[in-house]
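Over in TrEMBL, the protein carries these features:
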type	residues	note
COMPBIAS	1-11	compositional bias 'Basic and acidic residues'
REGION	1-65	region 'Disordered'
ACT_SITE	Glu152	active site, proton acceptor
DOMAIN	158-407	domain 'Radical SAM core'
BINDING	Cys172, Cys176, Cys179	[4Fe-4S] cluster binding site
BINDING	Gly233, Glu234, Ser267, Ser290, Leu291, His292, Asn369	S-adenosyl-L-methionine binding site
ACT_SITE	Cys412	active site, S-methylcysteine intermediate
Amino acid sequence: MTENPRTRETRPQAAPASSRSGAVRETRTAQVRPRTEGWTQQKDAEGRPLLQFASPKRGKPPVHLADLTPAERTEKVKELGLPGFRAKQLSTHYFRHYTSDPEQMTDLPADTREQLVAGMLPSLLTEVRRLETDRGDTIKFLWRLHDGALVESVLMRYPGRITLCVSSQAGCGMNCPFCATGQAGLTRNMSTAEIIEQIVRANRLIADGGLGGKKADDHSMERVSNIVFMGMGEPLANYKRVMDAVRSMVAPQPDGLGMSARGITVSTVGLVPAIKKLADENIPVTFALSLHAPDDHLRDELIPVNSRWKVDEALDAAYEYYAKTGRRVSIEYALIKDMNDHAWRADLLAEKLNQRGRGWVHVNPIPLNPTPGSVWTSSEIPVQNEFVRRLNDAGIPTTLRDTRGKEIDGACGQLVATTEDEAASAAMS
Ligand code: SAH
């Protein structure tokens, strides 16, 4: 799992003289074409990779306080036959104390607690498995939703911040062949509260001292500071619920989590109309575009949604995001050996970015993480360094992203419910 490396930069080592003088550029290997092994990419009626924008119909998760606006919460409490001000108390328990446990709610009359919790804070995520690595600094959660769908989130402690990578859909409909989530297809959209609950549960674990790293006894002041929508799903394909979740994240406590919008990163394959809408929301989240190729020829195959919105349209929309919000945008680029890591592609990317302006963008290449049955590998280190060097030399700030959680299949592109996960979930029910 990765994120914006603002504070922790992996500086590429200087390339050896031989590669600087062109050895890397001149070592021509055949262009690798995307192909798949061990799974068959689903196709639409015209034989193109299937794109699923609409969420398959499944039973809706129960309505939860975090799905509602503050006014709607009050209304709902009144419908339960209780005084409206109880809504604020419940919100305080949920958004400030990270609890849905009626036992903890001693400021509420004992005889109404159960009813309030059942009506307003129904259980949404059942923890199935928890995997840790980096001496407890990285934790991957596997959650079961009310209908049995499985999703994951990854919690990471960094010096000075705690990041949670959240899922916005169970599965993903974007069908990118190098991403394990994309290979599994879309199960359904997650609700606003299912998105928020991932954060609340992580905050509870942190408050209980469950995230490694910090030696101090008092974890009570610590909580998730950064959110990346880089778990399962395409956030902009679940636009309304994701934006409602973002609004709850930034709303001051106790109406929401009181987080800073700048610490929230929305990452997309490039759904252009939704990017434009996002730019008009007036919520200064950090925006990231998963580009992975600067030319349509390759991106058409690597990112199926490129059949709808081309590289230039996606880059124009990203630039527009910057122009409207003043927030520098990120370009994500998984470096795949002999596929998209060529020096000329670094140059073409720099050219396309510079054409649109200066200082509006930075590039985050990330060495490809392995996925089950994947036939591709990450680029060689000198090739990675050359790619980064060329962009930096062209004036585009570029940093290799730090990758976390590979050992627990918790890194970018690795989130998928495995047969082991399914078995663990079945064993619980
Ligand atoms: N659907 C969104 C967010 C989820 S993926 C998006 O595509 O942006 C988060 C990031 O991980 C994206 O940039 C995605 O392209 C990248 N990614 C997917 N598979 C990967 C892999 N195998 N190795 C490295 N990064 C990968």
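Keep in mind that glycine also has a Cβ here, set from the backbone N, Cα and C atoms.
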Site of maximum Cβ density within 10 Å, from recorded positions Cys179, Cys412: Cys412
Other CB atoms within 10 A, centred on Gly233 (S-adenosyl-L-methionine binding site): 29
Whole-number Å value for how far Cys176 ([4Fe-4S] cluster binding site) lies from Leu291 (S-adenosyl-L-methionine binding site) (Cα to Cα): 12
Alpha-carbon distance [Cys412 (active site, S-methylcysteine intermediate); Cys179 ([4Fe-4S] cluster binding site)] in Å: 8
Surrounding CB atoms that lie within 10 Å of the CB of Asn369 (S-adenosyl-L-methionine binding site), all protein chains: 22
Which same-chain residues, if any, lie at least 6 apart from Cys172 ([4Fe-4S] cluster binding site) yet have Cβ under 8 Å of it: Cys179, Thr181, Gly182, Ala184, Gly185, Leu186, Met232, Gly233, Glu234
Shortest C-alpha distance to His292 (S-adenosyl-L-methionine binding site) - which of the recorded positions Glu152, Cys176, Cys412: Cys176
Spatially closest candidate among Glu152, Cys176, Ser267, Ser290, Asn369, the listed recorded positions, to Cys412 (active site, S-methylcysteine intermediate) (Cα to Cα): Asn369
Set of same-chain residues at least 6 away whose C-beta sits under 8 angstroms from Ser267 (S-adenosyl-L-methionine binding site): Val228, Phe229, Met230, Pro235, Ala288, Leu289, Ser290, Glu332
Overall pLDDT of the domain 'Radical SAM core' (158-407), taken as the mean: 94
Cβ-Cβ neighbours of His292 (S-adenosyl-L-methionine binding site) (radius 10 Å): 27
Under 8 Å by Cβ from Cys176 ([4Fe-4S] cluster binding site), counting only residues of that chain that are 6 or more apart: Gly182, Val269, Leu302, Ile303, Pro304
Integer Cα-Cα distance in angstrom, Asn369 (S-adenosyl-L-methionine binding site) to Glu152 (active site, proton acceptor): 17
Sorted by sequence, non-Cys172, Cys176, Cys179 residues with Cβ within 8 Å of centre, [4Fe-4S] cluster: Met174, Asn175, Phe178, Ala180, Thr181, Gly182, Gln183, Glu234, Val269, Gly413
